[in-house]
C-alpha cells in the first residue's frame with residue numbers, strides 16, 4: 001500500500017496547506033521517490049467548473065479535462081507528476097457516486113449512511129488516485145472544525161487504523177500569530193486546533209506552524225509539550241520572500257527526514273538534490289532586468305482568479321532573469337476609450353473569461369496593442385477579443401462579435417463549438433441549451449503549427465499539446481476573409497476543424513500572438529513555457545527600444 005501523508009489545516013483558512021504540501025512533495029521527489037498529490041474539497045459542487053471566480057478563484061484544468069481546484073496548479077508547479085481528475089475529489093462527487101450506486105442497487109437495499117458508505121467512497125477515491133506511487137500527499141480542504149470536512153476526517157482516521165503509523169502520517173498546519181502589542185508569539189490557537197483534531201480521533205505526527213517570524217526553540221518546545229508532538233516534528237513555516245523557496249526551508253528543518261524515518265524508506269531514497277530550486281530562487285532574488293506587463297481581465301479584484309497566468313508570467317521572466325511586474329487592469333475601465341492604464345507598460349496580456357461584461361474593454365486592449373505595436377498575448381477570451389478587433393477594424397466587418405455576447409451579430413466571427421472530439425477521441429455535441437457544467441472543450445488537445453510563424457519558432461516543434469477550457473471558437477466561415485485581410489492562422493486542431501492560434505505578420509507587428517488554449521496550465525518555475533518566455537522577451541525588447549541589452553537565461 002502507498003504510504004499516505006494527510007495534510008489538514010486549523011485556526012484559519014488560507015494558511016498555505018497546498019504550498020506546504022507541494023513543497024514537501026518536491027523534496028521527496030528530489031530524493032528519487034515517485035510522488036503524487038490529491039485534494040479533497042468539502043464543497044458540495046461536483047467540481048468548481050461553474051463556480052464564480054470571485055468566490056473560488058481559478059479553475060485549473062488537467063490533461064484529461066478535469067476542472068479542479070487551483071491547488072492542483074500549485075501541485076503541478078512543484079512536482080513533475082501530471083495529475084488527473086482522480087486527484088481532485090469533492091463532497092459533491094462523492095455523494096454523486098454513492099447515490100448512483102444506490103440507484104443501481106449496489107448496496108442491496110441497505111440504508112445508505114455517511115458511515116460507512118460515504119467514508120468508504122472517500123477511501124476508495126484515495127486508493128484509486130494513489131495506487132502505484134511511492135508516497136502520496138492528500139490535502140483536506142477547509143479548516144478542522146468545519147462541519148463539511150467531518151466525513152473526510154473520519155475517513156482518514158479509518159485509514160490510519162487500517163494501515164498503521166508506518167503507512168500513514170498526519171500533518172497539521174496551524175497559525176502561531178504574533179501579537180504586536182504584547183511583542184510575542186501566541187501558541188494557544190495551535191493548542192486548541194490540535195485539541196479539536198484529537199477530539200475527532202486524529203493525533204498529528206507533524207505540526208507545520210505558520211507565523212510572521214521564526215518561532216524560537218522555547219516556543220517550539222511548548223507547542224510540542226501541549227500537543228503531544230515530538231519537538232523535532234514541530235516545523236516552523238515563517239513568511240518568506242520567495243514562494244518557491246519553501247522546499248529549501250522545509251528541507252533545512254529536516255521535514256523530509258521525518259517522513260522517511262516514519263515510513264522506513266531510508267534504504268530506497270537518495271539525498272535530496274534541490275539545486276533546481278536553488279537556481280529558481282537565485283533568479284528571482286537577483287534579476288538582471290525587469291518589465292511591466294498589464295493584465296487586462298474581468299476578475300482582477302480577486303487575483304486568485306488568474307493565479308496560473310500570474311505565475312506563468314513570472315516563470316517566463318525568471319527563465320531570463322527578468323523581474324515581471326504585473327499591473328492589473330479592469331477591462332471595463334477601458335470601455336470609455338481611456339487607455340491611460342496602458343501607458344508606459346511593456347506588454348499586454350488579455351486572459352480568459354466568460355460573458356459580455358468587460359469584453360469590449362478586452363477588444364480595446366487588443367486594438368491598442370495592435371496600433372501602438374505593444375507586445376500582445378491573448379489567451380482564450382483574449383484570442384477571441386483579438387479576432388473581433390481585427391475583424392472590425394482591419395477586415396472591415398462592422399458589427400463583428402462573438403455569439404456569446406451578441407447572438408444577432410451581423411458577423412459572428414466567434415461562435416459556439418457544436419461538435420468536437422474529447423481527449424479520449426469521443427465526439428461531443430453541444431447547443432445553446434446544454435448544461436454549463438462539464439460541457440466545454442476541455443483538456444489536452446494537440447494542434448499543428450504553421451511553418452514560418454512566430455508560434456512555430458517559439459515552440460520549436462510542428463505539433464504541440466495544450467490544455468483547453470472553452471465553448472466558443474473562431475468561426476470557420478471567416479477564415480479566408482480574415483486571412484485575406486492579413487491575419488495569420490498560426491495553428492489548427494489536428495483534424496483542421498478548429499483555429500487554435502492567430503498572430504500578426506512580423507512586418508506588421510513585432511510580437512502579437514493569441515491562442516485559444518490555456519498555456520499557463522503547463523508552465524512551471526523550473527521550465528517556464530515557450531509562449532510566456534517569448535512574450536516576456538518581446539516586452540524586454542520593447543523596453544530596450546527594440547534591441548535587448550543583454551541575453552540572459554537560467
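Placement of Cβ uses the backbone N, Cα and C atoms for every residue, glycine included.
Taken from Swiss-Prot, the feature active site, nucleophile applies to 380. Here Swiss-Prot flags 518, 520 as active site. If you look up Swiss-Prot, you'll see 13, 186, 187, 188, 189, 190, 191, 222 marked as UTP binding site. Residues or ranges marked as ATP binding site by Swiss-Prot: 14, 15, 16, 17, 18, 19, 71. Summarising the annotation, Swiss-Prot assigns Mg(2+) binding site to 71, 139. The L-glutamine binding site feature in Swiss-Prot is assigned to 353, 381, 382, 383, 384, 404, 471; the stated evidence is sequence analysis. The annotation domain 'Glutamine amidotransferase type-1' is assigned in Swiss-Prot to 292-545. Summarising the annotation, Swiss-Prot assigns region 'Amidoligase domain' to 1-265.
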C-alpha spacing of residue 518 (active site) relative to residue 16 (ATP binding site), in angstrom: 25
Which of 71, 404, the listed binding-site residues, has fewest other Cβ atoms within 10 Å: 404
Nearest of the binding-site residues (13, 19, 71, 187, 190) to residue 518 (active site) - Cα to Cα: 71
Residue 15 (ATP binding site): tally of other CB atoms within 10 A of its CB: 19
Distance, residue 139 (Mg(2+) binding site) to residue 15 (ATP binding site) (CA atoms, angstrom): 13
Packing count at residue 189 (UTP binding site) (other Cβ atoms within 10 Å of its Cβ): 15
Non-site residues, in chain order, whose CB comes within 8 A of the mean position of the CB atoms of 14, 15, 16, 17, 18, 19, 71 at ATP: 9, 20, 21, 74, 139, 173
Integer Cα-Cα distance in angstrom, residue 18 (ATP binding site) to residue 139 (Mg(2+) binding site): 7
Candidate with the highest Cβ count within 10 Å, taken from the recorded positions 186, 188, 222, 471, 518: 518
For residue 520 (active site): DSSP state (helix, strand, coil): helix
Cβ within 8 Å of the mean position of the Cβ atoms of 353, 381, 382, 383, 384, 404, 471: remaining residues of the chain near L-glutamine: 352, 354, 359, 380, 385, 402, 414, 470, 472
Listed binding-site residues among 139, 222, 382 whose Cα sits within 10 Å of residue 17 (ATP binding site): 139
For the domain 'Glutamine amidotransferase type-1' (292-545), the mean pLDDT of the predicted model: 92
Nearest-integer angstrom distance between the alpha carbons (Cα) of residue 14 (ATP binding site) and residue 187 (UTP binding site): 18
Minimum Cα separation from residue 381 (L-glutamine binding site), reported as the residue among binding-site residues 19, 187, 189, 191 that achieves it: 19
